[in-house]
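A.B. asks: Got a structure here, written out as structure tokens. Questions coming.
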Amino acid sequence: MAVVWFFVSWCIVFRFCHGKYIVPDIYDSFARDERQAAQFNYSESEEEGVKWDCGTSLEGPNGEIKLPTVDNNGTRFYHSNYKCRWNLTVTAGNAIMLSALYFRLEESPNGCEWDYLEIREEFDNQSETTSTLCGFKPVTYVSRTDRLFLYFRSDESYEDKGFHFEYKEVPSMDTYKRPDCNSTIIAEKRDSGSIENTGYQGDIPSDMSCFYRIQAPEKHVVFLQKIVIKSNGVLRIYDGKHTNGNLLAVIRKGEIRSLSSSGRSVLLHYTENKGNSDEMFQIDFSASEVETTTSLPTLPTPFEFEGDADCSNYSTDSPELQIKSPRNKFGVYPDRKHCVNVFQNKLNPNDVIQAEFLKFDLEESENCTFDYLAIYFGIRKESPSLGKFCGKSMKGKIIQSTGNIMKLEFHSDESYGLTGYDVRISIVPRTDCPCPKRSLCVKEEDIISCIEGKVCESNKCANGGTCMVSRAEEKCYCLPGTSGDTCQVKHKDFQPLLFVDTPENELINKTQHYSRTCKVNIEDAQYQWYHNNKLMIGAPELSMGRLDIDNFAEGDEGEYTCVALFGTMHIEHYFKLLTRQTCDLGMHVRPVDTSEELGEKVFLRCRFPLAVKYTWYKNGDEIKIEESSRHTLLSTGYLLIQNLNETDAGLYTCEGMGESGCVSSFSAFLNVKNTDVNKHIRFIVNY
């Protein structure tokens, strides 16, 4: 494969250092967006005879739109065969931003055919469909005009929760004071630039939302070499031009990431609620000219499923999906089924896996011995488990994982099938309450119930409990660690066990020293480590949460589980280590053995023509550039070390990574000169 790399360094902190940008018509959502205008474009004459079931005309700088719903056994669903229309108008010359508090409509396999929300705008006195939405993900939409028309239609079957929008008036893109917000960045083949650390001056506007589309030339892909979040905002990165593409990453403050697109474009959505920041986020990227587009490697499926192949699944790259129990032609689950669904959070280590049970109807039995759904927070048989559930016990409930794995295991016996379950799985920030606004979260064990009702006029509940009136009855809902009719019983020293530091899936070089820490929020917790489901023993640091591998070899590959224990509490974190493959990336500039005086600075040179990423190691340990004020990695691959001290002496290895994920490396010694240090100089080559 012929590969030619053109490097473009960009600084995207509400302005760009080099290159050119275009202010486009950005109107994107996190839901499915089919944009099939012809299919849904109704004429005004057709609308005259339509009897709308709901909707209204709204004027003003802000407001809400909520689809009407009905209660069905404690769960709310929108109406079938419903038609609604809303007209929104703001100040002339401005635009409208729609933000969904939730968005859940039936999703169809061939576009939004069944239930959908159509968004129209008016251009030159003609209505044009700009977006048609369905599915189960939140929506963000920025209009191009000061008028917006929303049309909702549902068919005769399968209703869900619907949608609830907040809208507000914002400056139009034509008059936006920051023209680089909501922009497409065109990477010219021979553009180059440098990283600058500019920022947004002054107070950050509330609820700020900006889209950036990075587009490479034909036969190129986009490689984001370094992504740094410096503010309290959130950056979501999508593969392709729109947010219905694969969500590549969700990045928050303090994280540094790199990733690659599968095609010519990536879409970035940056949001920030409030604050003041001189530095917001920074991205370096390059455009790679290739004959065949490839993406960086992903780790393989971690294990063979124990369940039936037609209903078992392993998912790591979906920020949200919906799973259902298998059903036969009669609409009930079959006999003798064993389904195992495993979900691993690889998008963001600080997030958790959330399961929301939309429907749940399994055969009822004592101790759930006949048909059941078992819930685990790990993949081992000994992993923490919420237990087995049957009947209607989980309908409307929400659970969140304690670690980065959730496993749902379904079993049916040889008789009496029912409609089964529908579960929405999503990767979300850890929160005490995932319920919608105006409802109360009640957590028992790890199961959350969303209680709708009104707060009592006087709160009779102790220890922070909340009194709610539901169906004319007052009841106290207690915080975790308290119990009793009025939450009067407080359990001593209650504290949930949570991970605060965890290893993640990695590709490791042969002979590399690997060292990572698994840590929870309770200092006296004990740790166990499992490699390929076998308990690791011997090394004292294992019980303290640290995994050390001196010279990584093929025998060290596989699945690892960190288990944290404190009292009766027990949580797990799962990850996988594989050997990185080596290759020849060519060599234009290689590191050489170097001597330099104390207090001076030194450049360690390194350049691979076919490398897309560089990493430096000192004595086998990766140098954390972002954590050091003295180390700088230049876009050329060179390493700059300033204000040298004696501890800087040692063996330095420059590693270049190719587009396929393979690596090549060269090493050299650095000698820091003083009267006490006289190190032998030699040169090592590995590839």
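Cβ atoms are placed via backbone N, Cα and C, with glycine included.
TrEMBL: automatically predicted annotations, no manual curation.
Here TrEMBL flags 1-19 as signal peptide. Annotation source TrEMBL lists domain 'CUB' at 54-170, 181-288, 311-428. The feature domain 'EGF-like' is assigned by TrEMBL to 452-488. Marked as disulfide bond by TrEMBL: Cys478-Cys487. The domain 'Ig-like' annotation in TrEMBL covers 540-654.
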A.B. asks: Give me the DSSP three-state residue breakdown of the domain 'CUB' (54-170), ordered helix, strand, coil.
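C.D. replies: Breakdown, helix to coil: 0 helix, 73 strand, 44 coil.
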A.B. asks: Applying a 10 Å Cβ distance cut-off over all chains shown, what neighbour count does Cys487 (disulfide bond) have?
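C.D. replies: So the Cβ neighbour count for Cys487 (disulfide bond) comes to 21.
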A.B. asks: What same-chain residues, at least 6 away in sequence, bring their CB to under 8 Å of the CB of Cys478 (disulfide bond)?
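C.D. replies: When sequence neighbours closer than 6 are ignored, Cys478 (disulfide bond) has Cys461, Asn463, Gly465, Gly484, Cys487 within Cβ distance under 8 Å.
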A.B. asks: Per-residue pLDDT averaged over the domain 'Ig-like' (540-654) comes to what?
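C.D. replies: Mean model confidence (pLDDT) across the domain 'Ig-like' (540-654) is 87.
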